[in-house]
Amino acid sequence: MWYCTSIYVLFFIFGAESQNPNNVCPTFRDYFNMRNNSNCWYDFAAVDKVPQIIKKSGYPFMEYKVKTSDGYILTVFRIPVLASTKPAVFLLHGVQSTSAIFLGLGKSSMAFLLYEAGYDVWLGNYRGTEYSQGHENMNSTQREYWDYSVDDIALKDLPAMLQLVTFHAGHRGKIIYIGHSLGTTAGIIYASEYPDFAARTIGILVLLTPAYKLPNMRSPYRLLLPLVRPILEVTNTLNVVQFISAGGLRNLTRPLCLSSPPLMIACLTVMNLFLGPFTQIAPETIPVYFNQIPAGTSFKTLSYLSEATRNRFRKYDYGPGKNRYLYNSDMPPEYDLKKIKIPVYIMYARSDWAISREDSMQFYRSLPQEMRYGMYEVRNLNFNHYDFLFGRNSKTLVTDKLLNMLERFTSEQTYLQ
């Protein structure tokens, strides 16, 4: 009886799995007959959310909720390592994405490789993303919910999430902070605005494509960014900002871009126009990519990018009247990088059109000399802004280099103790 029951259970498990239709292929040609093509297979990361991706990949999983000082309820995921003595690593995503970007390459994903190296991995999701749309008094269908800027992400969301990590994993030592794109901006602002508290919490800032002042941005984004303010005013007037900000665009782009190989290529080409002319995103990764991007954010957050292309790195500009009330000045103050008391390591790509080599170097030179821990440049011509996390060679070109640096850094900290 037990034998028959076991066979039945195994049949149920593997039979159910086999019912999943193919959804990824190694070449664009294979997508034309994907359903019955033996070269194609089913990838749950192309349809599932972060909790399912982690658990189905065979890793331990924990989920936490944390409330900010202004009532936003954020979700933080954890891939816990209990036996290792290595510190916690906190990963924060960029604009129009979520923590899922650190899980986009299966076992070669950055989050999983950090776990395999013995780090306690924490995945942050700042306000407005699909995993952090809670609030104690509002909901994401209200216009007021989306009235937040990068300042709020950096100075309210980030402290709340880092305090959570410190509470559960502070005994391991200071947190290793890894940010991508706008996730780097939040880390920079936090470290410059709360330098003493940040220095007690974070051991090193690792910034993948540091988003600071961006006067040399080559992306056509810079032509659209001046429209953010007018769009914000119109959407506020019409009370439709929540529908535009909540990530609903992905409900259109995902079915459109995955409907045929030519459209997949076209969508990827359009994305490359903004992120870099060429990419290492493989055909089998494209469905995973469009399952995660674009995600939600506020127009006030996007306005930071408009300021950055004008060579500004300052607090949100509310206009002279409110600026005088909030900042005691007609103009918002600049964040002062000279206050940062945390070692900073940056990684950037020569062919990144969103955050250029020149802007990355300028940021690094603006740091206090003693806080410049090092930098690394990805020189490949076919490596753009999102290839840090989705590129087929990102393990070799980025994560392996990152792990080597972290091994050196943690060894130095142990020696100093």
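Including glycine, each Cβ sits where the backbone N, Cα and C put it.
Copied over from TrEMBL:
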ACT_SITE  S181  active site, nucleophile
ACT_SITE  D352  active site, charge relay system
ACT_SITE  H385  active site, charge relay system
DOMAIN    50-103  domain 'Partial AB-hydrolase lipase'
SIGNAL    1-18  signal peptide
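The Cβ of the residue listed as 'active site, nucleophile' has 28 neighbouring Cβ atoms from other residues within 10 Å, across all protein chains displayed. Counting every protein chain shown, the Cβ of D352 (active site, charge relay system) has 25 other Cβ atoms within 10 Å. Close to H385 (active site, charge relay system) in the fold, though at least 6 residues off in sequence, lie S181, T209, L275, G276, A349, D352, W353, A354, I355, each with a CB less than 8 Å from its CB.
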